[in-house]
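Checked TrEMBL, it gives:
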type	residues	note
TRANSMEM	541-567	transmembrane segment
DOMAIN	542-806	domain 'G-protein coupled receptors family 3 profile'
TRANSMEM	579-600	transmembrane segment
TRANSMEM	612-636	transmembrane segment
TRANSMEM	656-675	transmembrane segment
TRANSMEM	701-724	transmembrane segment
TRANSMEM	736-756	transmembrane segment
TRANSMEM	768-792	transmembrane segment
Amino acid sequence: MAPELDNKFDTKPQHHQCSGFDLRAFRWVQTMIFAIEEINGNSSLLPGVTLGYRIVDSCDHVRTGLRGVLSLISGSFVQKQGQTQCMAKIPVPAVIGLASSTPTRAVAHLLGPFKIPLISYFATCTCLTDKKVYPSFLRTVPSDMFQVQALVRLVTYFGWHWVGMVGTEDDYSHYGIQAFTDQLQAQGSCLAFHKTLPRAATPEQIHSIVDVLEVSTAHVVVVFATEGQLLGLLTEVARRNLTSMQWVASEAWVTARVLTRPEFQPILAGTLGFSFRGTTIPGLYEFLLKVRPSPGPESVFTNMFWEEQFGCNLAFHGNGNDGRPVCTGSEDLQTRQSSYTEVLQVRISYNVYKAVYTIAHALHRLLQCGPTHKNSALRSCKTNSTFTSTELLHYLKEINFTNQFGEKVNFDTSGEPVPLYDIINWQKDGWGSIRFQKVGSYDGSAPYEHQLKINKALIEWAGGHSQVVSLCTAPCPLGTRQATRPGKPICCFDCLPCADGEISNLTGATECTKCPLYYWSDRDRIACMAGFEEYLSFQEVMGITLVTLSLLGVAGATVVTIIFFIFRATPVVKANNSEVSFLLLLSLKLCFLCSLVFIGKPSPWSCRTRQAAFGISFVFCISCILVKSIVVLLAFRSTMPRFNIVKLFGPPQQRAFIFCCTAGQVILCAFWLAWAPPLPFKNASYQGGRIVLECKDAWPLGFYVVLGYTGLLSCACFVLAFLGRKLPDAFNEAKFITFSMLIFFAVWISFIPAYISTPGKYRVAIEIFAILASAFGLLFCIFMPKCYIILLSPEKNTKKGMTQRSSH
């Protein structure tokens, strides 16, 4: 079941009623008539051909526009006057119009299948570019695609990254705002708000939009609308005295004189926007002043204009009941200031003028106009045949001429002209009115860097102040970076300080820049400074302390050596091979001295010497102690006669054993240093701003092999000394060796984890401390008891004393 429709066919459907009279639009009409009459009087353009016209009021509405165009192409308006015969096969071969994009789309849809050219002088919607949908549409005004590009360039040029937008319910506004939003965001700027003004907006709807304008932090508002649609909105803005906003106008209202009324001047002065290239058309002003009312039907628009201009009623027009005076028809147009007679720099009228001349030049080529004979000054056109709108459309698309103002007129493959704009600034003059001052230009066909030209010195800003600032968040200061707020546009952000080692030396930086290697950020995070080099030096307290301990160790070993040399003939020194004792004291001095190589600025020489000197000197030392342990053990545990023991492991063998053990370490160190030696290295990973100069092991295993070899000999020494600790040695040699080895192991076992985990120069200090501690442990444990006997208990340093100690 289908619902029953309440259709009535006994009455005509209601049509859209036109109201008001647009003085500027009437000037456009008169400009078309002026251009046609100018061409008809030009003997070099379309000679012998007279152009005619028919004017239909679209009322800037889709249905009215369609009805008017249908009446044109159907022939209901075609009349023959005398013997004049139209050459086209259809009543109207071309249409000039319309002003707004929405009715233009409807009319272009209608004319497209018939290939009837439609040339618009003011419809700028990008949607009309599609030739598959609108195959017969052309225009003498640039597409909004170029205007949007120009608007985005203008906004970003002045650093307005936080803007609002107001549009209307039509194709012009919808497509323009969508393209503007996309390109604006591509440039890193943001849209604070987007409000649409309904066609018949209620006071509540207008108040709602103005409320947003009033509370928004965006101080720049871009408006895509026509002047008639803005009157209600601007009235409310003026009532609230919102004078701090910078208005950016689309070409539809940037030169609208109706918006320069005194009540709008406080809010709109300083407005910026793009308008089409303007010029002064010679003779147009005088032509406009010749317009006179007439009772004929062809003067219906002129009569309406006259009544609107002078506020009176024509006697023959039938409007004498509204209380207005009667017009005489002889009133002087020069006495009235209006947008009709404002022709100093016409823009849209110039586009109308170009549209008429474009059709004329296309017809000139189509009709093969030229000299009648070779070398003849007479010109004519082939008027004996008719043509179709398709033929005319073909020649229109290929048109290319330079008009009397020096501008090249042609269309690209999409039917678009060269995009040329003037940048207009609304400025107050000395007579209480607004003048449209040109402050720059935009040429969409020029290279990118030369497209936009602005003379900032000529601009007068909104409110009479300096340039407006429109930002969601002020640019981040030096030393900080932008951090986008969650859920907010990218233009709304917080400013976070740069991390250590990073800087930002540009205002509004989105990222911090990491400082180069061996450089660090200063306190304010705005510059990179060379890092502070750190190493264990001889001048600092720690270095001085370690050097002092090292020299004390050398001095102690030297004193012991002197004591042993003086008392070398006594039993304590002679026991267990005094030669080995002197070698041991020499090795201990080397151990103390090798620690000095670790102090100071690392160099290739010191890095190679450090670990090698440490490893060799300690192996030399441990080898001597190992020999002592072996001698003690052989002397008291062996079943062989003492003579054979001495012969088997006497002084020559002991020296050879020490040499072989030390040589093993020398070979290991030589291989390590030849294969992958430690080298100076600047380590910047420990702490910000601090560069630790250290010796980096290219082959860390080499150090642990050297340390392991030393540990292996130490273990052997400890085991042998431990086995002989209870032997009846007169001076407890094995017991003291065991104790010294325990100290040695305790130091180096604790050294390894501390060495690995400690950074910087303190790692070097720990290794020096381990060297000195183990060396002092060996010196004191092995030699101090003997020095005590030599110096403080000399009675024990005799054969008798030795015999008594051995018997115990």
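Heads up, the Cβ atoms here are built off N, Cα and C, so glycines get one too.
Automatic prediction, not curation, is the source of TrEMBL annotations.
Each of these features: where is it, how hidden is it, and who are its neighbours?
Non-local neighbours of the transmembrane segment (541-567) in the same chain are 573, 578, 581-582, 585-586, 588-589, 591-593, 595-596, 599, 761, 765, 768-769, 772, 775-776, 779, 783, 786-787, 790-791, 797; each lies 6+ residues outside the stretch with a CB under 8 Å from one of its CB atoms.
Distant neighbours of the transmembrane segment (612-636): 576-577, 580, 583-584, 587-588, 590-591, 593-595, 597, 642, 645, 648-649, 654, 657-658, 661-662, 664-666, 668-669, 672-673, 706-707, 709-710, 713-714, 716-717, 720-721, 723-724, 727-729, 733-734, 737, 740-741, 767, 771, 774-775, 778, 782; these residues of the same chain sit at least 6 beyond its ends, with a Cβ under 8 Å from one of its Cβ atoms.
Under 8 Å from some Cβ of the transmembrane segment (701-724) lie the Cβ atoms of residues 611-612, 614-615, 618-619, 622-623, 625-626, 629-630, 632-633, 636-637, 661, 664-665, 668-669, 672, 675-676, 733-735, 737-738, 741-742, 744-745, 748, all in the same chain and six or more residues away from its ends.
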Can you name the far-off residues of the same chain, 6+ from the ends of the transmembrane segment (579-600), with a Cβ under 8 Å from a Cβ of it?
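For the transmembrane segment (579-600), the sequence-distant neighbours (Cβ-Cβ under 8 Å, at least 6 residues beyond its ends) are 535-538, 543, 546-547, 550-551, 553-554, 557-558, 560-561, 564-565, 573, 606, 609-610, 613-614, 617-618, 620-621, 624-625, 627-628, 631, 651, 654-655, 658, 764, 767-768, 771-772, 774-775, 778-779, 782-783.
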Suppose you look only at the domain 'G-protein coupled receptors family 3 profile' (542-806); what would the mean pLDDT be?
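The answer is 84, the mean pLDDT of the model over that range.
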